[in-house]
Amino acid sequence: MESFSVWRSSVFSLYLLLPLLLKQLTLVSAKKSYIVHMKERHDPGVHPTHLDWYTATLLSSSDSLIYAYTSVYNGFAATLDPQQLHALRTSDSVLGVYEDTLYTLHTTRTPEFLGLQAHSEFWEDLHQASHNVVIGVLDTGVWPESQSFDDSQMPQIPTRWRGSCDSAPDFDPSLCNNKLIGARSFSKGYRMASGNARKPRDLASPRDGNGHGTHTASIAAGSAVSNATLLGYATGTARGMAPQARVAAYKVCWTDGCFASDILAGMDQAIQDGVDVLSLSLGGSSSSVPYYFDTIAIGAFAAMERGIFVSCSAGNTGPRSGSVANVAPWIMTVGAGTLDRDFPAYVTLGNGKRFAGVSLYSGEGMGDKPVGLIYFSDRSNSSSSICMPGSLDPETVRGKVVVCDRGLNARVEKGTVVRDAGGLGMILANTGMSGEGLVADSHLVAAVAVGESAGDEIKEYASLDPNPTAVLSFGGTVLNVRPSPVVAAFSSRGPNEVTAQILKPDVIGPGVNILAGWSGAVGPSGSEDTRKTRFNIMSGTSMSCPHISGLAALLKAAHPDWSPSAIKSALMTTAYTHDNTESPLRDATGEEALSTPWAYGAGHVNPQKALSPGLVYDASTQDYIAFLCSLNYTLDHLRLVVKHSDANCSTKFADPGDLNYPSFSVVFGSNKVVQYTRTLTNVGKAASVYDVVVSTPSTVEITVNPNRVSFAEVGECQTYKVTFVSNRSVSDSVASEFGSIMWSNEEHEVRSPVAFTWTYF
């Protein structure tokens, strides 16, 4: 009887405590990760360290703290329950609290294609100078055993370097060397978001289990490796753009993507370590986030203040208009173009027609005997037409070639779906979204990718012929392809949806079918691929970005006193807009389509000319602050980007387009007249004179005053004003046109693209 009384008392007590326990459980389950931006500077007299300051602000134990930022941010990342979140958002010492956001990951030929001859005495001297330049790569980590990080030609690490290499169960710090001088990982944000799940492939380690990080790092600064190849394709000597520069890898991307808190931590550490260039082949899902909400833009601003050049990929959501990402003017935004190298493959139909495509398939092939061809055109089962997993009937597919529309699932996965259903081969057909842009893949089944027009004709044949057949054949590696470069269809496009007066992307670089180092943990086509290769061929603005990062390192070595904006200007104003057939740059969205600055910015980079641009458009931290103020940001918004409690808008531009930028984007709205000021700095010879050459559509008049500038000394600055007058009639349906402003003399052509947009109809 006594035990029953005790039990009843315990149950009654539990009943009373249940609401409190449920409340506590709710608070625990409601915890999320946030980034907190502090308003005031750290006062060591009150709190000895930043960690003490942040913990005191958090009003809890430091266990809730994920990261404490010091270089990129006055603030921290933490897991917060609703009560903590409310307390911080109402605190006088807090500027803002934002939920952790997810970002995504967006060679043997490119050095020659870009004119970086390996045996030139000039380039050898420049490569020697680049020993002191460090490129920080924020990505999926690094495979240190890759030959691309061989240090046999490297001197001792510069004494100024403050970085290190993490120890992990699968990564010994001794794997770093005089080439790979830093390897760190930042996963706390990712782990918090995934409920602290610890998957074997997601160890807190700098090792690259994905391949993307090794690929991008070796593009930027990989050591020369002879006989590099992907399963027989693109054989040659692979080397990065700056093969003698140092590499520091910061792993911020994991299975589910790249979290803002981890990216900030990686940038924070890279700045403290002493990198000279930051390369980020990643970006957000939205192209219209204000700068004060954009993690990468905020981190890049802090880097720029310290003289660090920041290169970012433009994104792979082209050809959609306004899709370009990473558009802050202090960032170099890089789109993608093709090389003069291709991997041709062919589809021969039973009716005798032959279509050219591309492929990196390295298997035995199909032979030359035609086999059945099938395309699932029934709209009631559209998943079969795009070859989604589980959508193909083995009885129907077995022994045939299947036409798969591009879209939704990964290109290589479609081939795997065909193979698993018993198919002998696949024709991957572009749709209207991809146009004629082709990307070669290392398929596990015989497969050929074709453009939209060829795909439409093949599908029509497969649907109408009573006995359709096809043969797939493969042509290996072909060089000196014409025309090239061509702007990749996937490369994200302007206009800039954050600030229409800043033209983005800035330039394009090689980004299609790029061979570079690879991880030993994964096959060339993904985690289901059991093949192993030291190199892989990939496409994306993820590949074009590190090309520019490496070129920036070379410019930094050649001109140590140049600011990041001067390096950017040199790369932009010397870029070219005509291909190797002397025709205007084409766009892969259509066979005869011409491209525009919305896709290629100032043009395709030309590193030889960039080393001696003659003139540069320089910009200081204060210039960028005046730019931000011209956007009518509040002081709190400004201080979210600028890490100074005393930052203010005492100086501001009348228009964002007044920033001293190497390109122009002119928006005609209610005003038909737009006037901007630019300042040129002479980095060429003393006693230089330049005359202006203007190219403009008939709908706009451009007046440049003065039309001649003279420089007595190196480093001298001259200012000019340019007036744009719209003559366009309201009935004209064209919403945008393009021109250019070029300063030239016998030695230099300093060209700025001009994009015109009309917002009234």
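Quick reminder: no glycine exception, Cβ is built from N, Cα and C everywhere.
Predicted, not measured: the structure shown is a model, and the values here were computed from it.
Per TrEMBL, the features are as follows:
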{"type": "ACT_SITE", "residues": "Asp139", "note": "active site, charge relay system"}
{"type": "ACT_SITE", "residues": "His212", "note": "active site, charge relay system"}
{"type": "ACT_SITE", "residues": "Ser542", "note": "active site, charge relay system"}
{"type": "DOMAIN", "residues": "33-106", "note": "domain 'Inhibitor I9'"}
{"type": "DOMAIN", "residues": "131-581", "note": "domain 'Peptidase S8/S53'"}
{"type": "DOMAIN", "residues": "393-458", "note": "domain 'PA'"}
{"type": "DOMAIN", "residues": "658-755", "note": "domain 'Subtilisin-like protease fibronectin type-III'"}
{"type": "REGION", "residues": "191-217", "note": "region 'Disordered'"}
{"type": "SIGNAL", "residues": "1-30", "note": "signal peptide"}
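His212 (active site, charge relay system) sits 7 Å from Asp139 (active site, charge relay system), counting Cα to Cα.
Taking only the Cα positions, the spacing between Asp139 (active site, charge relay system) and Ser542 (active site, charge relay system) is 10 angstrom. The residues of the domain 'Subtilisin-like protease fibronectin type-III' (658-755), classed with DSSP into helix (H, G, I), strand (E, B) and coil, number 1 helix, 59 strand, 38 coil.
Of all the Cβ atoms in the protein chains shown, 24 others lie within 10 Å of the Cβ of His212 (active site, charge relay system). Note on the domain 'PA' (393-458): mean pLDDT across this stretch is 91. Sorting the domain 'PA' (393-458) by DSSP state (H, G, I as helix; E, B as strand; all else coil) yields 21 helix, 17 strand, 28 coil. For Ser542 (active site, charge relay system), the count of additional Cβ atoms within 10 Å of its Cβ stands at 28 [all protein chains shown]. Within 10 Å of the Cβ of Asp139 (active site, charge relay system) there are 29 other Cβ atoms, across all protein chains.
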